[in-house]
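Notes follow once the structure below has been shown.
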Amino acid sequence: MRELKILVVNNYGQFCHLIHRTVRDLDMDTKIIPNVTPIEEILAEEPDGLILSGGPEMERAGLCFDYVREIDVPILGICLGHQAIALAYGGHVHAGKKGGYAEIEVEVLEEDDILRGLGPKTTVWASHADEVAILPDGFIHLARSDVCEIEAMRHPTKPIYGVQWHPEVSHTKKGEELLMNFFEVCDLY
């Protein structure tokens, strides 16, 4: 696979720099950008894909809602990024029953583009302080757990994906595989 340009949108989560380092270690050209970067500046970078990082609160998600609706490149939302995608397209997010980080067993419901090779079950590291409660209309439900019904989803027609868990941390089994699957989507788009 060629070297892709992947921009990591900083939503002020504690793992943002780890996402950046993991993407770089997978031989991609990457850069962290503030979540208030104007769309024109992002497009001028000519990215092959965007990763929306996790973060502490939706009120600090900057322009993420605009990014997922208006930028035509593959997008992967992680944790808060996943929730921002859901909200941008009319889904609902609520406080989870189990806050804090924990190891979770996720059931893969559909091994689509980004979850290929991860099923039928995989162990992940996730926080469920907030979680997607209702999928946006038409979105495909990709994974669930006993802690959270909507662990992963994708847009019905665009290459936009969300996962509640953190593929960038070592506690997540097959996290790098998920990222490489996302890069393949970016490469083919």
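Each position is counted from 1, following the chain as shown.
Every residue gets a Cβ built from N, Cα and C, even glycine.
Database features, via Swiss-Prot:
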- Cys79: active site, nucleophile (ACT_SITE)
- His166: active site (ACT_SITE)
- Glu168: active site (ACT_SITE)
- 5-189: domain 'Glutamine amidotransferase type-1' (DOMAIN)
Rounded to a whole number of Å, the separation of the Cα atoms of Glu168 (active site) and Cys79 (active site, nucleophile) comes to 11
Neighbour count, 10 Å Cβ-Cβ cut-off, for Glu168 (active site): what number do you get?
25
Taking 10 A as the limit, how many CB atoms besides its own sit near the CB of Cys79 (active site, nucleophile)?
26
So if I measure Cβ to Cβ from His166 (active site) and keep only same-chain residues at least 6 apart in sequence, which ones fall under 8 Å?
Phe15, Gly54, Ile78, Cys79, Val124, Trp125, Ala126, Ser127, Thr172, Gly175
Local confidence of the domain 'Glutamine amidotransferase type-1' (5-189) - pLDDT mean
96
